[in-house]
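Features as listed in TrEMBL:
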- 90, 91, 92, 233, 253, 254: S-adenosyl-L-methionine binding site (BINDING)
- 233, 237, 250, 265, 298, 311: substrate binding site (BINDING)
- 74-299: domain 'SET' (DOMAIN)
């Protein structure tokens, strides 16, 4: 849910408020970043410290042991490998077999064991997938390999992948009802629509005409599985690699206490006794004791809504809570062309998105954009071409009482409208957080409480600004001072003729 509102320069009320879903799924979705390895038994809250051996008593499954043997046979791991898969609170993770120092190499995986668009291109379905988006071709490849069962060269890796995670794309209708009113719900529904539409196109254009390549039926549920795997496990920060699955490396879990994302490297090195290859080198960003879980930071800039959608967990840190305000210049605005030109000249557009983070100030550009959209009446002279190079600087400060009052009212009305869409209060959510909750309900409570706190914070900011309207210094007063025609207290200076 993105709160979108349009300002009318000739009115002091909000015009046609409405809720938008996703900015543009087709633009945002293909970008995959490092991910979670949550299994069916995974918990929701990510640990803030490493996990010790005391919580690692349960032996790994037969499929994980077989996966490890396969990696040994491929020359990827040995008895000297400093980490090993283990059962951890998150489900499955990598645990240090000895003390590791910061930036120590944890593992190295040769390119021949990467699953990426190059692997698809070299496969039997490479020719029919050449025109697809990279994530679609890899998703189709994963599904096809999974359905080949024991005949797939990737079977040992595919066997350790979860059937689903706690990502909101896998939630039931009843579970989704718990995030009613949230931006996360709207985004989740848009993502699901996007995946379904892509599946239908691939089914019609690729799968149906090539039954000999896809002998087993491929369903929408299969497609969601592949999308969830890629969304939660793919690496994207390697040179020339925007989407790649790295077996074993993707068992590395996330820690909120790690504040650097420097852990993945692409290097050249020995890939066997007599061969060299490009290697994926994974290093620990912090020192780790033997028996502790080796962890990384997935993405320091993602909000809790992003984490819930991509990986199926949230954090307790305040600055992971965010709310996106969507502002737009109305096409019916008599100054639409001028305002759009000014916005585009300053890196914005007809529609602008601003992420407000809990316990942070609103972005300065948001106030400038608000004042621009609200410009009208006696303030409209600032839209003339003579001010085109300086107006953005002027918009950094209050323009007029009318303009400032309008943006305060519109923002506050939008916040109240958004808050009315939730089915619980912050206080009710706080009580629930003290109980032992189902993992997905824990996410829901954390998300809706976080969003509401941000909305209340925004409302308070503009409420305080409303109370200061009479004390603020506006453009005309600043201009008169610059000309020496206004005193420090705002009084007009009259010059008597000699």
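Glycine too: its Cβ is placed from the backbone N, Cα and C atoms.
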Residue 250 (substrate binding site), number of other Cβ atoms within 10 Å:
25
Counting Cβ neighbours within 10 Å across all chains shown, tell me which of the binding-site residues 233, 254 comes out on top.
233
Identify, among the binding-site residues 265, 298, 311, the residue whose Cβ has the fewest other Cβ atoms within 10 Å in this structure.
265
In Å, how long is the longest CA to CA span across 90, 91, 92, 233, 253, 254, which the record gives as the S-adenosyl-L-methionine binders?
14
Protein Cβ atoms within 10 Å of residue 253 (S-adenosyl-L-methionine binding site), excluding its own:
27
Including all protein chains shown, what's the count of other C-beta atoms within 10 A of the C-beta of residue 92 (S-adenosyl-L-methionine binding site)?
20
Residue 250 (substrate binding site): nearby binding-site residues from 90, 91, 233, Cα cut-off 10 Å:
233
Reported as an integer number of Å, what is the Cα distance between residue 233 (S-adenosyl-L-methionine binding site) and residue 311 (substrate binding site)?
8
Those binding-site residues listed as 90, 91, and which of them has the most Cβ atoms within 10 Å of its own Cβ:
90
